[in-house]
Amino acid sequence: MEAKEKQHLLDARPAIRSYTGSLWQEGAGWIPLPRPGLDLQAIELAAQSNHHCHAQKGPDSHCDPKKGKAQRQLYVASAICLLFMIGEVVGGYLAHSLAVMTDAAHLLTDFASMLISLFSLWMSSRPATKTMNFGWQRAEILGALVSVLSIWVVTGVLVYLAVERLISGDYEIDGGTMLITSGCAVAVNIIMGLTLHQSGHGHSHGTTNQQEENPSVRAAFIHVIGDFMQSMGVLVAAYILYFKPEYKYVDPICTFVFSILVLGTTLTILRDVILVLMEGTPKGVDFTAVRDLLLSVEGVEALHSLHIWALTVAQPVLSVHIAIAQNTDAQAVLKTASSRLQGKFHFHTVTIQIEDYSEDMKDCQACQGPSD
């Protein structure tokens, strides 16, 4: 297209024209329509790339169906947890059982952690602001961290009470009431576990199933596993005490053993939370594989400042500087690199800066990749 013809199109005021054969909508993440004062060359380059992150996500991108499912799971589980917690407090009081009462306290922690998770999910859905320009995505991660820490606090209290009972030996337990209450507790924990369980599909798209799991639901699920272990310990103790009342020391011993096991179940969640907060490379995204994929794009000579991190466990983000050879179409490189990254790794956001390649990049320490 000649320069004069371009200028004529820019100055023209009659009907709106589309240069790609489709209506481009301004305000919905699309390239604006040509009007006086706009750079037509920039419009043509943008049209050539045919790639825009917000347009891909669509207007309903903030209504994440996975997040909605997580909220429904937590609502149902928290309602079940609250109702049975009240019943277990009554049963523990009637049975004079510390194990049942501490199991009820564990349920209280489960309930509180689910409320924290629901609050964090609501916070993470709030739009970005000028101050919080990434949005509130990591409120979910902070909620999971608080849930894990609350497990540790309650577990410490349970261990302390179990040791205290072993030392004093001054307690009596109603084995029958304890047996009924603990049996119901096991059943309720199984129901809550099934409600919160997240099953992944059998094939992979470059991410692991753990990446697809909601961290708040995972934290709540671990809470339920811990409480299930505690309830099983109480059930075993109740069964023994029902037939052998003189073996009352079984109650604090079971509480002590199963409380220790709870701590181990929190380590995987804590590891994921720390990885996100420290902006480490997310699980399921291999740094070397990403680098090799970018270098395989035609025209790419080198790259530097490759950073891969995550807003949350399931939202990996990438930024990189790509150096291209002379006479290479920058928009073609940008389009190819972006589409390959999205196709293989499903990044939430990709930011690529195109630069001209120079020979001194080979010896520049700042341009070298990070160590293993």
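Heads up, residue numbers simply count up from 1 along the chain you see.
Note that Cβ sites are derived from N, Cα and C of the backbone, with glycine treated the same way.
Swiss-Prot annotations:
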MOD_RES   S296  phosphoserine
MOTIF     51-54  motif 'Mitochondrial localization signal'
TOPO_DOM  1-140  topological domain 'Cytoplasmic'
TOPO_DOM  162-175  topological domain 'Lumenal'
TOPO_DOM  197-220  topological domain 'Cytoplasmic'
TOPO_DOM  242-249  topological domain 'Lumenal'
TOPO_DOM  271-304  topological domain 'Cytoplasmic'
TOPO_DOM  326-372  topological domain 'Lumenal'
TRANSMEM  141-161  transmembrane segment
TRANSMEM  176-196  transmembrane segment
TRANSMEM  221-241  transmembrane segment
TRANSMEM  250-270  transmembrane segment
TRANSMEM  305-325  transmembrane segment
Query raised in the report: Cβ under 8 Å to the transmembrane segment (141-161), counting only same-chain residues 6 or more beyond its ends: which ones?
Result: 98, 102, 105-106, 109, 112-113, 116-117, 119-121, 123, 215-216, 218-220, 222-223, 226, 230, 252, 255-256, 259-260, 262-263, 266, 269-270, 272-273, 276-277, 312-313
Query raised in the report: Other than its close neighbours in sequence, what residues sit by the topological domain 'Lumenal' (162-175), given a CB gap under 8 Å and a spacing of at least six beyond its ends?
Result: 94-98, 238, 241-243, 245, 248-249, 251-253, 255-256, 259
Query raised in the report: So which of 176-196, 221-241, 305-325 has the most C-beta pairs under 8 Å when paired with the transmembrane segment (250-270)?
Result: 221-241
Query raised in the report: What is the Cβ neighbour count of S296 (phosphoserine) at a 10 Å cut-off, with all protein chains included?
Result: 11
**Report entry** Tertiary contacts of the transmembrane segment (221-241), as residues 6+ beyond its ends and Cβ separation under 8 Å
**Finding:** 77, 97, 99-100, 102-103, 106-107, 109-110, 113-114, 147-148, 151, 155, 158, 173, 175, 178-179, 181-183, 185-186, 189-190, 192-193, 196-198, 247-248, 250-251, 253-255, 257-259, 261-262, 265-266, 269
**Report entry** Chain residues outside the topological domain 'Lumenal' (242-249) and at least six past its termini with a C-beta under 8 angstroms from it
**Finding:** 165-166, 169, 171-173, 175-176, 178-179
Query raised in the report: How do the residues of the topological domain 'Lumenal' (326-372) split into helix, strand and coil according to DSSP?
Result: 23 helix, 8 strand, 16 coil
Query raised in the report: Per DSSP, what is the residue count of the topological domain 'Lumenal' (242-249) in each of helix, strand and coil?
Result: 2 helix, 0 strand, 6 coil
Query raised in the report: Mind checking which residues reach the topological domain 'Cytoplasmic' (271-304)? Cβ under 8 Å, same chain, six or more beyond either end.
Result: 138, 141, 144-145, 148, 206-208, 210-211, 215, 310-313, 316, 318, 320-325, 328-329, 332-333, 336-337, 340-341, 344-345, 357, 361-362, 364, 366-370
Query raised in the report: Which numbers of helix, strand and coil residues does DSSP report for the topological domain 'Cytoplasmic' (271-304)?
Result: 16 helix, 5 strand, 13 coil
Query raised in the report: Mean pLDDT for the topological domain 'Lumenal' (242-249), as a whole number?
Result: 84
